[in-house]
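> First, the structure itself, so that you have it in front of you.
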(Lines of atoms letter the chains of each structure in order from A; the text may use other names.)
(Lines give C-alpha, C1' and ligand atoms only; values in the text may rest on other atoms or scores of the structure.)
Protein backbone atom coordinates (compact mmCIF):
# COMPACT_ATOMS: atom_id res chain seq x y z
CA UNK A 1 0.00 0.00 0.00
CA UNK A 2 1.39 3.40 -0.83
CA UNK A 3 1.23 6.11 1.76
CA UNK A 4 -1.19 8.78 0.71
CA UNK A 5 -1.81 12.40 1.32
CA UNK A 6 1.27 13.05 -0.77
CA UNK A 7 3.13 16.26 -0.11
CA UNK A 8 3.13 18.17 -3.36
CA UNK A 9 5.76 20.72 -2.29
CA UNK A 10 9.47 20.48 -1.70
CA UNK A 11 10.33 20.55 1.98
CA UNK A 12 13.69 20.91 3.66
CA UNK A 13 14.60 19.40 6.98
CA UNK A 14 15.16 22.91 8.22
CA UNK A 15 11.58 23.76 7.25
CA UNK A 16 10.40 20.90 9.44
CA UNK A 17 12.57 21.85 12.42
CA UNK A 18 12.61 25.65 12.23
CA UNK A 19 10.45 26.18 15.31
CA UNK A 20 11.29 22.99 17.19
CA UNK A 21 13.19 22.96 20.47
CA UNK A 22 16.40 21.74 18.83
CA UNK A 23 16.09 23.71 15.61
CA UNK A 24 19.12 24.84 13.62
CA UNK A 25 18.53 26.94 10.54
CA UNK A 26 20.54 28.97 8.10
CA UNK A 27 20.02 31.97 10.39
CA UNK A 28 21.87 30.24 13.23
CA UNK A 29 25.61 30.92 13.44
CA UNK A 30 27.49 27.73 12.55
CA UNK A 31 29.76 26.24 15.20
CA UNK A 32 33.38 25.55 14.38
CA UNK A 33 33.69 22.49 12.10
CA UNK A 34 29.93 22.49 11.58
CA UNK A 35 28.77 21.41 8.12
CA UNK A 36 25.47 22.54 6.70
CA UNK A 37 22.92 19.97 5.53
CA UNK A 38 19.90 20.68 3.33
CA UNK A 39 17.33 17.91 2.83
CA UNK A 40 14.69 18.20 0.10
CA UNK A 41 11.70 15.99 0.83
CA UNK A 42 9.21 14.81 -1.76
CA UNK A 43 6.29 12.46 -1.19
CA UNK A 44 4.53 11.04 1.80
CA UNK A 45 4.61 11.68 5.53
CA UNK A 46 7.05 8.81 6.01
CA UNK A 47 9.56 10.60 3.82
CA UNK A 48 9.24 13.63 6.11
CA UNK A 49 10.02 11.36 9.06
CA UNK A 50 12.89 9.69 7.19
CA UNK A 51 14.44 13.03 6.28
CA UNK A 52 14.53 14.06 9.92
CA UNK A 53 16.10 10.75 10.90
CA UNK A 54 18.81 11.10 8.23
CA UNK A 55 19.60 14.47 9.78
CA UNK A 56 19.94 12.72 13.15
CA UNK A 57 22.28 10.11 11.61
CA UNK A 58 24.56 12.83 10.22
CA UNK A 59 24.60 14.96 13.37
CA UNK A 60 27.62 13.14 14.90
CA UNK A 61 29.58 14.07 11.76
CA UNK A 62 28.94 17.74 12.46
CA UNK A 63 26.03 18.32 10.07
CA UNK A 64 23.22 20.67 11.09
CA UNK A 65 20.06 21.52 9.17
CA UNK A 66 20.34 24.42 6.72
CA UNK A 67 17.23 26.15 5.37
CA UNK A 68 18.36 26.66 1.77
CA UNK A 69 20.31 24.59 -0.77
CA UNK A 70 22.60 27.54 -1.40
CA UNK A 71 25.54 27.37 0.96
CA UNK A 72 24.96 23.74 1.96
CA UNK A 73 27.91 21.37 2.34
CA UNK A 74 25.63 18.42 1.62
CA UNK A 75 22.24 18.12 -0.06
CA UNK A 76 20.01 15.06 0.21
CA UNK A 77 17.13 14.69 -2.26
CA UNK A 78 14.62 12.33 -0.64
CA UNK A 79 12.43 11.07 -3.48
CA UNK A 80 9.01 9.55 -4.11
CA UNK A 81 8.23 6.95 -6.79
CA UNK A 82 4.43 6.83 -6.57
CA UNK A 83 3.33 9.26 -9.25
CA UNK A 84 3.92 9.38 -13.00
CA UNK A 85 7.29 10.49 -14.39
CA UNK A 86 8.86 10.36 -10.94
CA UNK A 87 12.29 9.45 -12.29
CA UNK A 88 12.41 12.30 -14.81
CA UNK A 89 11.39 14.78 -12.13
CA UNK A 90 14.34 13.60 -10.06
CA UNK A 91 16.79 14.13 -12.93
CA UNK A 92 15.34 17.57 -13.57
CA UNK A 93 15.93 18.55 -9.95
CA UNK A 94 19.40 17.00 -10.01
CA UNK A 95 20.28 19.21 -12.97
CA UNK A 96 19.45 22.26 -10.87
CA UNK A 97 21.46 20.96 -7.92
CA UNK A 98 24.40 20.18 -10.20
CA UNK A 99 24.80 23.90 -10.88
CA UNK A 100 25.03 24.58 -7.14
CA UNK A 101 27.60 21.84 -6.72
CA UNK A 102 29.73 23.14 -9.60
CA UNK A 103 29.56 26.70 -8.24
CA UNK A 104 30.70 25.47 -4.83
CA UNK A 105 33.57 23.55 -6.44
CA UNK A 106 34.78 26.66 -8.24
CA UNK A 107 34.93 28.38 -4.86
CA UNK A 108 36.98 25.53 -3.42
CA UNK A 109 34.09 24.34 -1.25
CA UNK A 110 33.09 20.78 -2.20
CA UNK A 111 29.48 19.75 -1.75
CA UNK A 112 28.18 16.21 -1.39
CA UNK A 113 24.99 15.32 -3.28
CA UNK A 114 22.92 12.30 -2.23
CA UNK A 115 19.73 10.81 -3.66
CA UNK A 116 17.58 8.86 -1.20
CA UNK A 117 14.07 7.42 -1.14
CA UNK A 118 12.07 5.18 -3.41
CA UNK A 119 13.37 6.48 -6.76
CA UNK A 120 16.89 5.86 -5.49
CA UNK A 121 15.88 2.33 -4.54
CA UNK A 122 14.31 1.62 -7.92
CA UNK A 123 16.73 3.49 -10.20
CA UNK A 124 20.02 3.48 -8.32
CA UNK A 125 22.37 2.37 -11.11
CA UNK A 126 20.61 4.62 -13.63
CA UNK A 127 21.08 7.62 -11.34
CA UNK A 128 24.81 7.02 -11.11
CA UNK A 129 25.04 6.53 -14.88
CA UNK A 130 22.99 9.59 -15.88
CA UNK A 131 24.16 11.89 -13.09
CA UNK A 132 27.88 11.24 -12.50
CA UNK A 133 28.02 14.24 -10.16
CA UNK A 134 25.84 12.41 -7.60
CA UNK A 135 28.01 11.10 -4.75
CA UNK A 136 25.62 8.83 -2.85
CA UNK A 137 22.53 6.81 -3.78
CA UNK A 138 20.75 5.04 -0.93
CA UNK A 139 17.47 3.22 -0.48
CA UNK A 140 15.03 3.62 2.42
CA UNK A 141 16.32 0.57 4.29
CA UNK A 142 19.91 1.82 4.54
CA UNK A 143 19.51 5.24 6.16
CA UNK A 144 21.18 4.01 9.35
CA UNK A 145 24.37 3.49 7.29
CA UNK A 146 24.43 7.02 5.88
CA UNK A 147 27.25 8.21 8.13
CA UNK A 148 29.59 5.57 6.74
CA UNK A 149 28.52 6.38 3.19
CA UNK A 150 29.41 10.04 3.73
CA UNK A 151 32.88 9.11 4.97
CA UNK A 152 33.43 6.96 1.87
CA UNK A 153 32.16 9.71 -0.44
CA UNK A 154 34.47 12.26 1.17
CA UNK A 155 37.34 9.94 0.23
CA UNK A 156 36.29 10.09 -3.41
CA UNK A 157 34.16 6.95 -3.66
CA UNK A 158 30.81 7.02 -5.46
CA UNK A 159 28.51 5.11 -3.15
CA UNK A 160 25.36 3.13 -3.93
CA UNK A 161 23.52 1.12 -1.27
CA UNK A 162 20.12 -0.10 -2.39
CA UNK A 163 20.26 -3.71 -1.21
CA UNK A 164 17.96 -4.72 1.61
CA UNK A 165 20.35 -5.22 4.56
CA UNK A 166 20.02 -8.20 6.89
CA UNK A 167 19.71 -5.93 9.94
CA UNK A 168 16.61 -3.90 10.79
CA UNK A 169 17.36 -0.19 10.39
CA UNK A 170 15.09 0.64 13.33
CA UNK A 171 17.57 -1.17 15.60
CA UNK A 172 20.40 1.13 14.49
CA UNK A 173 18.89 4.57 13.93
CA UNK A 174 19.86 7.06 16.66
CA UNK A 175 17.32 8.63 18.95
CA UNK A 176 15.44 11.48 17.31
CA UNK A 177 16.95 14.83 18.28
CA UNK A 178 13.58 16.62 18.21
CA UNK A 179 9.97 15.95 17.25
CA UNK A 180 9.42 15.41 13.54
CA UNK A 181 6.65 17.94 12.98
CA UNK A 182 4.09 18.03 10.27
CA UNK A 183 4.82 20.43 7.42
CA UNK A 184 3.69 23.97 8.08
CA UNK A 185 2.77 23.33 11.72
CA UNK A 186 4.78 25.38 14.20
CA UNK A 187 6.25 24.33 17.49
CA UNK A 188 6.24 20.59 16.94
CA UNK A 189 2.71 20.25 18.34
CA UNK A 190 2.02 17.52 15.80
CA UNK A 191 4.50 14.77 15.01
CA UNK A 192 4.96 11.85 12.63
CA UNK A 193 6.19 8.55 14.07
CA UNK A 194 7.04 5.61 11.80
CA UNK A 195 6.06 2.30 13.41
CA UNK A 196 5.89 0.01 10.38
CA UNK A 197 7.46 -0.07 6.95
CA UNK A 198 7.05 -2.10 3.78
CA UNK A 199 4.08 -3.97 2.38
CA UNK A 200 3.26 -7.60 1.60
CA UNK A 201 0.06 -6.95 -0.36
CA UNK A 202 1.59 -6.54 -3.86
CA UNK A 203 -1.22 -4.54 -5.44
CA UNK A 204 -0.82 -4.71 -9.22
CA UNK A 205 -0.19 -0.97 -9.64
CA UNK A 206 2.11 -0.33 -6.68
CA UNK A 207 5.90 -0.13 -6.38
CA UNK A 208 6.04 -0.02 -2.58
CA UNK A 209 6.82 -3.73 -1.99
CA UNK A 210 9.75 -3.38 -4.39
CA UNK A 211 11.10 -0.09 -3.01
CA UNK A 212 10.31 -0.42 0.71
CA UNK A 213 10.48 -4.20 1.03
CA UNK A 214 8.53 -6.62 3.17
CA UNK A 215 6.51 -5.52 6.17
CA UNK A 216 8.67 -4.73 9.20
CA UNK A 217 7.31 -3.47 12.53
CA UNK A 218 9.26 -1.61 15.19
CA UNK A 219 9.29 -3.05 18.71
CA UNK A 220 6.64 -1.44 20.87
CA UNK A 221 9.22 -0.30 23.42
CA UNK A 222 11.04 1.69 20.72
CA UNK A 223 7.81 3.31 19.53
CA UNK A 224 6.69 4.20 23.05
CA UNK A 225 10.09 5.64 23.96
CA UNK A 226 10.13 7.87 20.89
CA UNK A 227 6.53 8.94 21.50
CA UNK A 228 7.42 9.97 25.05
CA UNK A 229 10.37 12.01 23.76
CA UNK A 230 8.08 13.70 21.24
CA UNK A 231 5.58 14.61 23.95
CA UNK A 232 8.35 15.95 26.19
CA UNK A 233 9.41 18.07 23.21
CA UNK A 234 5.94 19.59 22.92
CA UNK A 235 4.02 17.22 20.63
CA UNK A 236 0.36 16.87 21.53
CA UNK A 237 -0.75 14.88 18.49
CA UNK A 238 1.15 11.93 17.01
CA UNK A 239 0.38 10.30 13.68
CA UNK A 240 1.60 6.71 13.46
CA UNK A 241 2.99 5.96 10.01
CA UNK A 242 3.32 2.82 7.94
CA UNK A 243 2.82 1.73 4.36
CA UNK A 244 0.32 -0.75 5.82
CA UNK A 245 0.16 0.56 9.35
CA UNK A 246 -2.76 -1.52 10.60
CA UNK A 247 -0.74 -4.67 9.81
CA UNK A 248 1.57 -3.63 12.67
CA UNK A 249 2.89 -6.66 14.55
CA UNK A 250 5.75 -5.39 16.70
CA UNK A 251 7.24 -7.19 19.66
CA UNK A 252 5.60 -5.92 22.82
CA UNK A 253 7.15 -5.04 26.15
CA UNK A 254 5.69 -8.26 27.56
CA UNK A 255 7.37 -10.43 24.91
CA UNK A 256 4.16 -10.93 22.94
CA UNK A 257 3.39 -9.64 19.46
CA UNK A 258 1.30 -6.48 19.72
CA UNK A 259 -1.34 -5.38 17.26
CA UNK A 260 -1.83 -1.74 16.29
CA UNK A 261 -4.79 -1.54 18.66
CA UNK A 262 -2.72 -2.72 21.61
CA UNK A 263 0.02 -0.23 20.74
CA UNK A 264 -2.54 2.60 20.56
CA UNK A 265 -3.89 1.66 23.99
CA UNK A 266 -0.37 1.91 25.42
CA UNK A 267 0.24 5.25 23.69
CA UNK A 268 -3.02 6.58 25.12
CA UNK A 269 -1.54 6.18 28.62
CA UNK A 270 1.22 8.73 27.90
CA UNK A 271 0.42 11.92 29.85
CA UNK A 272 -0.15 15.03 27.71
CA UNK A 273 -0.55 13.05 24.47
CA UNK A 274 -3.95 14.40 23.50
CA UNK A 275 -4.44 12.89 20.07
CA UNK A 276 -3.45 9.78 18.13
CA UNK A 277 -3.89 9.13 14.42
CA UNK A 278 -2.56 6.47 12.04
CA UNK A 279 -2.10 6.13 8.29
CA UNK A 280 -2.16 4.37 5.82
CA UNK A 281 -4.48 1.40 6.31
CA UNK A 282 -5.66 -1.57 4.27
CA UNK A 283 -9.29 -2.71 4.59
CA UNK A 284 -8.23 -6.35 5.07
CA UNK A 285 -6.30 -5.44 8.22
CA UNK A 286 -9.06 -3.57 10.05
CA UNK A 287 -9.34 -6.02 12.94
CA UNK A 288 -11.92 -6.44 15.67
CA UNK A 289 -9.59 -5.01 18.31
CA UNK A 290 -8.81 -1.98 16.13
CA UNK A 291 -12.53 -1.27 15.72
CA UNK A 292 -12.87 -1.59 19.50
CA UNK A 293 -10.02 0.89 19.95
CA UNK A 294 -11.94 3.44 17.88
CA UNK A 295 -14.89 2.87 20.21
CA UNK A 296 -13.00 2.98 23.50
CA UNK A 297 -10.06 5.38 23.20
CA UNK A 298 -10.96 9.09 23.19
CA UNK A 299 -7.43 10.08 22.13
CA UNK A 300 -7.84 8.11 18.88
CA UNK A 301 -9.24 10.67 16.49
CA UNK A 302 -12.51 9.96 14.62
CA UNK A 303 -10.89 10.23 11.20
CA UNK A 304 -9.54 7.32 9.18
CA UNK A 305 -7.80 7.17 5.83
CA UNK A 306 -8.94 3.84 4.36
CA UNK A 307 -8.00 3.46 0.68
CA UNK A 308 -10.32 1.42 -1.53
CA UNK A 309 -9.01 2.43 -5.02
CA UNK A 310 -12.07 1.17 -6.94
CA UNK A 311 -15.70 0.22 -6.40
CA UNK A 312 -15.65 -2.52 -9.04
CA UNK A 313 -15.10 -6.06 -7.81
CA UNK A 314 -13.63 -6.96 -11.19
CA UNK A 315 -11.06 -4.16 -11.01
CA UNK A 316 -10.36 -4.81 -7.33
CA UNK A 317 -9.47 -8.37 -8.32
CA UNK A 318 -7.28 -7.10 -11.17
CA UNK A 319 -5.57 -4.80 -8.67
CA UNK A 320 -4.93 -7.79 -6.36
CA UNK A 321 -6.64 -5.94 -3.53
CA UNK A 322 -8.05 -9.20 -2.14
CA UNK A 323 -11.31 -7.65 -0.99
CA UNK A 324 -14.63 -6.73 -2.61
CA UNK A 325 -16.70 -3.58 -2.47
CA UNK A 326 -19.06 -5.36 -0.10
CA UNK A 327 -16.12 -6.21 2.18
CA UNK A 328 -15.29 -2.51 2.29
CA UNK A 329 -18.90 -1.59 3.10
CA UNK A 330 -18.92 -4.06 6.01
CA UNK A 331 -15.72 -2.60 7.47
CA UNK A 332 -17.03 0.96 7.13
CA UNK A 333 -20.37 0.07 8.70
CA UNK A 334 -18.69 -1.62 11.68
CA UNK A 335 -16.36 1.33 12.21
CA UNK A 336 -19.25 3.80 12.12
CA UNK A 337 -21.28 1.66 14.48
CA UNK A 338 -18.36 1.70 16.93
CA UNK A 339 -17.64 5.41 16.47
CA UNK A 340 -20.66 7.26 15.03
CA UNK A 341 -18.71 10.49 14.48
CA UNK A 342 -16.04 8.75 12.38
CA UNK A 343 -15.20 10.44 9.08
CA UNK A 344 -13.39 8.73 6.22
CA UNK A 345 -10.96 9.62 3.50
CA UNK A 346 -9.77 7.30 0.76
CA UNK A 347 -7.72 6.82 -2.41
CA UNK A 348 -9.12 6.25 -5.89
CA UNK A 349 -7.39 5.29 -9.12
CA UNK A 350 -9.33 5.77 -12.36
CA UNK A 351 -8.32 4.04 -15.55
CA UNK A 352 -6.60 0.94 -14.17
CA UNK A 353 -5.94 -1.36 -17.16
CA UNK A 354 -9.18 -3.02 -18.20
CA UNK A 355 -11.50 -0.56 -16.44
CA UNK A 356 -14.79 -0.28 -18.35
CA UNK A 357 -17.50 2.37 -18.10
CA UNK A 358 -19.49 0.04 -15.85
CA UNK A 359 -16.47 -0.53 -13.60
CA UNK A 360 -16.12 3.22 -13.23
CA UNK A 361 -19.83 3.61 -12.44
CA UNK A 362 -19.36 1.02 -9.68
CA UNK A 363 -16.73 3.30 -8.18
CA UNK A 364 -19.09 6.27 -8.34
CA UNK A 365 -21.78 4.21 -6.61
CA UNK A 366 -19.35 3.23 -3.86
CA UNK A 367 -18.48 6.89 -3.24
CA UNK A 368 -22.17 7.80 -3.04
CA UNK A 369 -22.85 4.87 -0.68
CA UNK A 370 -19.97 5.59 1.73
CA UNK A 371 -19.62 9.39 1.70
CA UNK A 372 -16.12 10.77 2.23
CA UNK A 373 -14.92 13.81 4.13
CA UNK A 374 -11.95 14.04 1.77
CA UNK A 375 -10.11 11.84 -0.71
CA UNK A 376 -7.13 11.58 -3.03
CA UNK A 377 -7.78 10.60 -6.63
CA UNK A 378 -5.45 9.98 -9.54
CA UNK A 379 -5.32 8.72 -13.07
CA UNK A 380 -3.60 5.37 -13.37
CA UNK A 381 0.06 5.71 -14.32
CA UNK A 382 2.15 2.61 -15.09
CA UNK A 383 5.02 2.01 -12.71
CA UNK A 384 7.88 -0.01 -14.26
CA UNK A 385 8.16 -3.51 -12.87
CA UNK A 386 4.57 -3.76 -11.64
CA UNK A 387 2.13 -6.35 -13.05
CA UNK A 388 -0.39 -3.73 -14.22
CA UNK A 389 2.25 -2.02 -16.35
CA UNK A 390 2.69 -5.20 -18.40
CA UNK A 391 -0.97 -5.40 -19.43
CA UNK A 392 -2.08 -4.34 -22.88
CA UNK A 393 -5.63 -3.16 -22.14
CA UNK A 394 -4.76 0.35 -21.00
CA UNK A 395 -7.52 2.95 -20.86
CA UNK A 396 -7.11 5.88 -23.31
CA UNK A 397 -5.93 9.13 -21.73
CA UNK A 398 -9.03 11.18 -22.74
CA UNK A 399 -11.28 8.57 -21.13
CA UNK A 400 -9.26 8.70 -17.92
CA UNK A 401 -9.42 12.50 -17.95
CA UNK A 402 -13.21 12.51 -18.24
CA UNK A 403 -13.64 9.90 -15.51
CA UNK A 404 -11.30 11.70 -13.14
CA UNK A 405 -13.18 14.98 -13.60
CA UNK A 406 -16.50 13.31 -12.76
CA UNK A 407 -15.09 11.46 -9.78
CA UNK A 408 -13.37 14.53 -8.35
CA UNK A 409 -16.52 16.61 -8.78
CA UNK A 410 -18.46 14.09 -6.68
CA UNK A 411 -15.74 13.92 -4.03
CA UNK A 412 -15.52 17.71 -3.92
CA UNK A 413 -19.28 17.94 -3.36
CA UNK A 414 -19.02 15.47 -0.47
CA UNK A 415 -16.12 17.33 1.11
CA UNK A 416 -17.94 20.65 0.88
CA UNK A 417 -21.06 19.10 2.39
CA UNK A 418 -19.05 17.63 5.27
CA UNK A 419 -17.38 20.96 5.99
CA UNK A 420 -20.65 22.89 5.73
CA UNK A 421 -22.29 20.50 8.21
CA UNK A 422 -19.76 21.63 10.80
CA UNK A 423 -21.10 25.21 10.86
CA UNK A 424 -22.67 25.99 14.21
CA UNK A 425 -21.12 22.97 15.93
CA UNK A 426 -18.76 23.21 18.88
CA UNK A 427 -15.74 20.97 18.45
CA UNK A 428 -12.39 20.49 20.12
CA UNK A 429 -9.51 21.91 18.10
CA UNK A 430 -5.81 21.41 18.76
CA UNK A 431 -4.21 24.82 18.23
CA UNK A 432 -0.81 24.42 16.63
CA UNK A 433 0.43 27.46 14.73
CA UNK A 434 0.17 31.24 14.31
CA UNK A 435 -2.20 32.22 11.51
CA UNK A 436 -1.42 34.11 8.36
CA UNK A 437 -2.98 37.28 9.75
CA UNK A 438 -2.13 39.18 12.96
CA UNK A 439 -4.07 37.91 15.94
CA UNK A 440 -5.03 34.68 14.16
CA UNK A 441 -4.04 31.14 15.11
CA UNK A 442 -4.65 27.83 13.39
CA UNK A 443 -5.35 24.31 14.45
CA UNK A 444 -6.77 20.94 13.53
CA UNK A 445 -10.24 19.58 14.04
CA UNK A 446 -10.70 15.95 15.08
CA UNK A 447 -11.42 15.26 11.39
CA UNK A 448 -8.10 16.76 10.22
CA UNK A 449 -9.62 19.97 8.87
CA UNK A 450 -7.57 23.14 9.18
CA UNK A 451 -9.33 25.57 11.53
CA UNK A 452 -8.55 29.31 11.77
CA UNK A 453 -9.72 31.69 14.48
CA UNK A 454 -8.85 34.96 16.19
CA UNK A 455 -7.35 34.06 19.55
CA UNK A 456 -4.23 34.73 21.63
CA UNK A 457 -1.06 32.85 20.68
CA UNK A 458 -0.80 31.68 24.30
CA UNK A 459 -3.41 29.03 23.42
CA UNK A 460 -1.07 27.29 20.95
CA UNK A 461 -0.44 23.75 22.14
CA UNK A 462 -3.82 23.46 23.82
CA UNK A 463 -6.95 21.61 22.77
CA UNK A 464 -9.86 24.01 23.16
CA UNK A 465 -13.56 24.06 22.25
CA UNK A 466 -14.41 26.36 19.35
CA UNK A 467 -17.58 27.15 17.47
CA UNK A 468 -17.40 26.69 13.70
CA UNK A 469 -18.68 29.80 11.91
CA UNK A 470 -17.82 29.23 8.24
CA UNK A 471 -16.72 26.47 5.89
CA UNK A 472 -14.26 26.81 3.03
CA UNK A 473 -12.96 24.33 0.48
CA UNK A 474 -10.07 23.10 2.61
CA UNK A 475 -10.57 24.76 5.98
CA UNK A 476 -12.98 26.06 8.61
CA UNK A 477 -13.32 29.39 10.41
CA UNK A 478 -14.19 29.45 14.10
CA UNK A 479 -14.57 31.55 17.22
CA UNK A 480 -13.94 30.83 20.87
CA UNK A 481 -17.27 30.29 22.64
CA UNK A 482 -18.07 32.19 25.81
CA UNK A 483 -18.43 28.96 27.77
CA UNK A 484 -15.56 27.65 29.89
CA UNK A 485 -16.37 23.91 30.03
CA UNK A 486 -14.56 21.46 27.79
CA UNK A 487 -17.35 19.89 25.69
CA UNK A 488 -17.46 16.41 24.35
CA UNK A 489 -16.49 16.11 20.72
CA UNK A 490 -19.51 16.50 18.48
CA UNK A 491 -19.89 15.05 15.03
CA UNK A 492 -20.12 17.26 11.97
CA UNK A 493 -21.78 14.47 10.04
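Numbers here mean position along the shown chain, with the first residue as 1.
Glycine residues also receive a Cβ, built from the backbone N, Cα and C atoms like all the rest.
Swiss-Prot lists these features:
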| type | residues | note |
| --- | --- | --- |
| BINDING | 44, 80, 118 | [4Fe-4S] cluster 1 binding site |
| BINDING | 199, 203, 206 | [4Fe-4S] cluster 2 binding site |
| COMPBIAS | 1-14 | compositional bias 'Polar residues' |
| DOMAIN | 35-155 | domain 'MTTase N-terminal' |
| DOMAIN | 185-417 | domain 'Radical SAM core' |
| DOMAIN | 420-482 | domain 'TRAM' |
| REGION | 1-31 | region 'Disordered' |
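Please situate the listed features within the shown structure.
DSSP assigns residue 118 ([4Fe-4S] cluster 1 binding site) to a helix in the three-state reduction.
Over all protein chains present, the Cβ of residue 203 ([4Fe-4S] cluster 2 binding site) has 25 other Cβ atoms lying within 10 Å. Secondary structure from DSSP puts residue 203 ([4Fe-4S] cluster 2 binding site) in coil.
Mean pLDDT for the domain 'Radical SAM core' (185-417) in this predicted model: 95.
Helix first, then strand, then coil: DSSP counts for the domain 'TRAM' (420-482) stand at 5 helix, 33 strand, 25 coil.
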> Where residue 118 ([4Fe-4S] cluster 1 binding site) and residue 203 ([4Fe-4S] cluster 2 binding site) are concerned, what is their Cα separation in Å, rounded?
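That comes out at 17 Å between the alpha carbons.
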> For residue 44 ([4Fe-4S] cluster 1 binding site) and residue 206 ([4Fe-4S] cluster 2 binding site), what Cα-Cα distance in Å is obtained after rounding to a whole number?
14
